[in-house]
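*Asks:* Before we start, here is the structure in question, set down as structure tokens.
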Amino acid sequence: MSTDAELQTISGLSVASKSAPSTQTEGVTASGKVESTTNAEEATSDVEEEENPLVVAARDGNTAEVKRLCESGSYSVLDTAEDGVTALHWAAVNNRISTCQYLVEQGAVVDAKGGQLNGTPLHWACRRGLVYIVHYLIQNGADPLRSDVQGYNALHLATHSSNVMLLVYLLHQGLPVDCQDPNGRTALHWAAYQGDALSVDVLLRWGSDVKITDTQGFLPLHWGIVNGSRNSLARLIEEGSDMYAKSSDGKTPHVMAAEMNTTAQLEGALDDCGRFPDGSQKTKYFDARTTNLLCFFTPFILILLGLVLCTFCGPIFGIILTVATLFGSIKLLKTLVLPSLYNGHAALLKSPFQAGIFTGSAFWVTVKYLTSVLPATFASHPILNFFFASIFGLAMYCFFRCMSMDPGYIPKLSGITEQKEVIETLIERGEFDTRHFCFVTYVRKPLRSKFCRQSKRVVARFDHFCPWVWNAIGVRNHRMFVLYVLFLQIGIPLWLALNSAYFGELLEIKRWDPLEFYLVIWISLQLIWITFLSFVQIFQICRSLTTSEAVNLQKYGYMGADDYSSVPLDHSAATASAKSVMNAHGHAAKSPCFSSVLKLLGVDQFVATAGEAIKHRDNRSWKEKNPTDSGAGTNCFDFWFPNGKFDLLAVFEAGKGGGAIGGHAVDYYKLWDFPDVSPNQQQTNNRSTREDGEALLAESQV
């Protein structure tokens, strides 16, 4: 069945399958073997292909053999099969960059049309998502706006490939984002139909129109409903898709969803966009600032209310009433407050509610300490009070600094021209993939950086997003965050010791303070996640790992996840862009509710980290696989004193990207390659090498 025939069938809703259309691709593997496909692109017979030495050599990337055959005079780069297919077609579709370069240099026609689809080498490469081949052909005159017999240009075919990096590249070449095929479908229609949320997002941010209809009257939203990708549907709805638009046969998105059995996905997407299941918009009662303030200060009231209920109703009924009040308050927040700014099932976790839990707890600790504990214990335990007050004050200082500062955002580029220059540089280095380029912000990603979904920015040396401080943890505030956690780890036991003395004083005078007693229990519970977090952070610092890197290591191993790289094996810089654990990305499937609880308490990462510690305790190959690990001592010194000087006051300072790896000063905003931290190299590069970066670190202090 052809692509258009398949779409016609689906538009009539007479099929049950919701898989993406079989966009006709050349049936040749990278190894040179012909695949069994349903398309007829390769019109040349199998026998002829196998017997044509030039085709075989071009397909296999044997440039030396191609050169020998052409120079012998027996074959020419202009030779074509009966259907017009050339050696350049086969080299292009099999990602043979060196062979393509030789053929083009010898005069091969870059826009030669061939095959039953009458496609050019560029079309063949686009169907496979081969960025480097596409780049080379366009640089040498290939026309990306030329269409094949089905009316698809390079942008349509790139969308069919689902390689988001190729889509980004072509858009930066100036191709119209909403060019339509003969059936009126834009690249956005195709991306939505395929359920390709990444491509949908890229096209929408580039300005693709969600209101364009095809010849059947289908919006991209209609085609998205056929596939049922919740993320794709949410983005289309966010950008203004008409929830009540009818197709030519009179079907609205809701009717189509019911017939295609994707109603749950559509309603989930509507919820993610702050809409009711019928598509109407939820009322927004507050502005962004008021919404955040309400979410932040609500825990202050809930904590006090819980303490009062336990005090006057007893522990059992008090806890029951407190839990009921908590759920009621959260329901109220989700109904009246959160829709003004946050939507979806994780709306509460996106808000500053958890930061409010910590701050509210600290606030009531301060109130009770100043009004009850301090007056009763200062005379008998002055030193203990001094240490607690100092540690608690430092913890709160680090908390607010960590919460309010820039964690290390990579600066945005000024415009498309600068973005295009970055893309060209990465292609030249063989690094145009999601490890080195952010397709959301269009910035080059330094090593160890990552895109933060909450802030929508790339963060240098990204560790994680912490809901307890409501900020990303990156190169600038990571030390402050670890200090905050460690001060809490020390301060809470000191506070418990003070309360032990306080209750001893009360017993002597036959009095009791139930409010303080329940506050002690509440704060003691906070010590659980703080202990887990302290262990994880200290362990990872000793291993020179960030939390993001550790999580990706546990999910995908050292090779990481798919990075949408299509770098040819014979690219001049292919070996320089070997995979590493540092910038992998992806998602793991877990039970949403249980997983959220584990993440909030830090249990999941604690268990995983403990497992890694046991697994690698005697594994010396770890250092060889982790390019930043120079041993626990050096790793810790690099983290706490990146300027190479043992300066305790400098620990509290935040830089602007300066750091150290294995004794080498680095700028995490421009870390394109890891320094050599191998044992032999370290012997020849002593601590004095840090002096080279002291100027950078000194300038970056704030």
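Placed from the backbone N, Cα and C atoms, the Cβ positions cover glycine too.
Positions annotated as compositional bias 'Polar residues' by Swiss-Prot: 1-40. Marked as region 'Disordered' by Swiss-Prot: 1-51, 679-702. Taken from Swiss-Prot, the feature repeat 'ANK 3' applies to 117-147. Here Swiss-Prot flags 183-212 as repeat 'ANK 5'. Taken from Swiss-Prot, the feature repeat 'ANK 6' covers 216-245. Summarising the annotation, Swiss-Prot assigns transmembrane segment to 300-320, 321-341, 355-375, 380-400, 480-500, 519-539. The feature topological domain 'Lumenal' is assigned by Swiss-Prot to 376-379, 501-518, with sequence analysis given as support. The domain 'DHHC' feature in Swiss-Prot is assigned to 436-486; the stated evidence is sequence analysis.
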*Asks:* So, by DSSP, how many helix, strand and coil residues make up the repeat 'ANK 6' (216-245)?
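*Replies:* Its residues fall into 17 helix, 0 strand, 13 coil.
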*Asks:* Determine the mean pLDDT over the repeat 'ANK 5' (183-212), rounding to the nearest whole number.
*Replies:* 96
*Asks:* Looking only at the domain 'DHHC' (436-486), how are its residues distributed among DSSP helix, strand and coil?
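*Replies:* Secondary-structure breakdown of the domain 'DHHC' (436-486): 9 helix, 14 strand, 28 coil.
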*Asks:* Go through the chain and flag residues at least 6 beyond the ends of the topological domain 'Lumenal' (501-518) whose CB is under 8 A from any CB in it; none is fine as an answer.
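*Replies:* Distant Cβ neighbours of the topological domain 'Lumenal' (501-518) are 306-308, 310-311, 315, 318, 368, 372-373, 376-377, 380-381, 384.
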